[in-house]
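Engineer: Dumping what Swiss-Prot says about this protein:
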- GLY60, PRO61, SER62, GLY63, SER64, GLY65, LYS66, SER67: ATP binding site (BINDING)
- 23-265: domain 'ABC transporter' (DOMAIN)
- 340-552: domain 'ABC transmembrane type-2' (DOMAIN)
- ASN352: N-linked glycosylation site (CARBOHYD)
- 364-384: transmembrane segment (TRANSMEM)
- 394-414: transmembrane segment (TRANSMEM)
- 440-460: transmembrane segment (TRANSMEM)
- 470-490: transmembrane segment (TRANSMEM)
- 498-518: transmembrane segment (TRANSMEM)
- 580-600: transmembrane segment (TRANSMEM)
Amino acid sequence: MTNQLPNKVELAEVVPQNGGVFLTWEDLWVTASSVKDGSKAILKGLTGYAMPGELLAIMGPSGSGKSTLLDTIAGRLGSSTRQSGDILINGRRQTLAYGSSAYVTQDDTLLATLTIKEAVYYSAELQLPNSMSKSEKKEIADVTLKGMGLQDAMETRIGGWSGKGISGGQKRRVSICLEILTRPKLLFLDEPTSGLDSAASYYVMKAIASQCQGRTIIASIHQPSVDVFSLFHSLCLLSSGRTVYFGPASAANEFFALSGFPCPTLQNPSDHFLKTINSDFDQDIEEGSTRRKSTEEVIDILIKSYKASDKYNAVQSQVAEICQQEGEMLDKRSHASFITQSLVLTRRSFINMSRDLGYYWLRLAVYVVIAVGLGSLYYDVGFSAASVQARGSMLMFVASFITFMAIGGFPSFVEDMKVFQREKLNGHYGSGSFVIANTLSAMPYLLLVSLIPGAIAYFMTGLQNGFEHFIYFALVLFTCMMIVESLMMIVASMVPNFLMGLIAGAGIQALMLLSGGFFRLPNDLPKPFWKYPLHYVAFHKYAYEGMFKNEFEGLKIHDVNGEDILRNTWQMNMDYSKWIDLVILLGMLVLYRVLFLLVVKAGEIVKPAIRAFMSHSPNQINSAERPLDVFDS
């Protein structure tokens, strides 16, 4: 494979033959804004292009604008940034339609419990259209896995924080596999070798380079080895948002030498380039054999040298020629139907939950221990006057603290949300499918978590006999579990920080618990805030009422009717039955799930706003949160 890039290409011949994508950007400026530091230019008048069949590497020191350039031309610029300039596809203003492009992020956000084969197969079922049979989708997945050199590790689990799995290089190749199943013509990769050793980096980049045929590939990369650098066709070298060099990667060494900064013998050229233009550690750099200049002076010399070179003129000429062409429009490809996506996601999520010990199994074990402790504490509570308080305390603990412990699954919720956000951003499926799948897959486990510990605590305590009473108790507990999980999923989708999410979720539940009507009876609650509206908003009120009515109605303790105990001791509203309380809880569950869906949809705006508020510098912007239609701007 040669990395020599011709100065010009006859587009009229190439475009019809391979249907490739020519991407150009001209006089591209990007400005980032922050509350603390105001506005700052991140990209400053960049011009360049990417062509089919070639790998363009965007290089530069940290903070040079590599990822910002990649995000801008990929249409993923963050909400706290503004851009100007032209970005054209095949010489036209058009959007990057689904299936025509793919973006591989720097982080490998994958489900750790799945095998490589499962991850790619499920992704194929989600992305590829219903018009394709299951065997055809499987064949595409197998070919993709083989193309990335993963056929020998297909049955190995990916692994993560919950257990050991495949290597970092293999994870990166899996991430790439998931994005090229639709055979996109344009592939963006953000730091594909980040965190990998030199050998793994080479094999990952070699696999990427092997995908170049008929495809335009653009990758931001920090410090490639000599072997990795040899795989690049074109090089875009940035420093402080300005172009230092754009042209054939093989000609970069000559350019630096002609500019007065030759690469020393036996030194990695990319190391020399980055060391020369890195202004973060300003130092005197040798020019020729005698003179020394500061880094800023060197950068200015290189930029002026580039603008006066044939390479600069070739770029301007090539961009102008591409822009004059009437290339093909990118058609949006179809993917699996909403029902298919919901079913596939449900199946995938169910398997993930079954294998992730921290999702439900560990919580089930803890719940069983607590239920045994609760049952032994209130064992055979009896019918004495003291049993009124004992029954109430036991039911309150079940409805409040057992459900409160759903925050234990928050780490798994966060991992789910990360995977969802990556897949949604890349167009694999929509928010509705995810919320439905999350709800359906969680129900069997939460039912199990409600029934087993609930039965232990219920029968050890000696609460009301009768199958109906226990079923109602379990239904209320199950519904409360679902409500709390919905609440925690809402928090996980809104709060970008793990610790903040735990604190926020626990804080919200604590306020609801305090206003539920047990720690202070309903009539004693302060009316502002605690009773109106919090008492009526908290699900604890209806859980307490339902469980207490289920237990005390029809019960006699020392010749006192259970109804009188409910009315006078617990100050329960007896104008409606316990089934109304259950219906209200079910309504709240539906409301919370709908709210979860709305928050997920609005998260593209809310989450970047939170990040922008928390950031201290425009350099900390995360540009992959909200895609903007930059091609229509």
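Glycine residues also receive a Cβ, built from the backbone N, Cα and C atoms like all the rest.
Please situate the listed features within the shown structure.
Structural biologist: Neighbours of PRO61 (ATP binding site), defined as other CB atoms within 10 A of its CB across all chains, total 22. In the three-state DSSP scheme, PRO61 (ATP binding site) is classed as coil.
Sequence-distant contacts (6 or more apart, same chain, Cβ under 8 Å) of ASN352 (N-linked glycosylation site) comprise LEU111, THR113, LEU114, TYR359, ASP416. In this structure, ASN352 (N-linked glycosylation site) is part of a helix by DSSP.
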Engineer: Could you check if the transmembrane segment (364-384) is in contact with the transmembrane segment (498-518), meaning 3+ Cβ pairs under 8 Å among residue pairs at least 6 apart in sequence?
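Structural biologist: Touching, no - the transmembrane segment (364-384) and the transmembrane segment (498-518) miss the threshold of 3 or more Cβ pairs under 8 Å.
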Engineer: Determine which residues of this chain, when GLY60, PRO61, SER62, GLY63, SER64, GLY65, LYS66, SER67 are set aside, have a Cβ within 8 Å of the centroid of the ATP site's Cβ atoms, and list them as they appear in the sequence.
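Structural biologist: Near the ATP site, beyond GLY60, PRO61, SER62, GLY63, SER64, GLY65, LYS66, SER67, sit THR68, LEU238, SER239.
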Engineer: Would you kindly list the residues that approach the transmembrane segment (498-518) from elsewhere in its chain, counting only those six or more residues past its ends and only Cβ-Cβ distances under 8 Å?
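Structural biologist: For the transmembrane segment (498-518), the sequence-distant neighbours (Cβ-Cβ under 8 Å, at least 6 residues beyond its ends) are 392, 396, 399-400, 403-404, 407, 410-411, 414, 484, 487-488, 491-492, 525, 530-531, 534-535, 537-541, 543-545, 570-571.
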Engineer: Hey, what's the Cβ neighbour count for SER62 (ATP binding site) at 10 Å?
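Structural biologist: Neighbour count, Cβ to Cβ under the 10 Å cut-off: 12.
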Engineer: Counting other Cβ atoms within 10 Å, pick out the least crowded of the binding-site residues SER64, SER67.
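Structural biologist: Selected from the binding-site residues SER64, SER67 on minimum Cβ neighbours within 10 Å: SER67.
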Engineer: Minimum Cβ neighbour count within 10 Å among the binding-site residues GLY63, GLY65, LYS66: which residue?
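Structural biologist: Across GLY63, GLY65, LYS66, these binding-site residues, the one with fewest Cβ atoms within 10 Å is GLY63.
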Engineer: List every residue in the same chain as GLY60 (ATP binding site), at least 6 positions away in sequence, whose Cβ is under 8 Å from its Cβ.
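Structural biologist: Set apart from GLY60 (ATP binding site) by at least 6 residues yet with Cβ under 8 Å, we have LYS66, LEU237, LEU238, SER239, VAL244, LEU274, ILE277.
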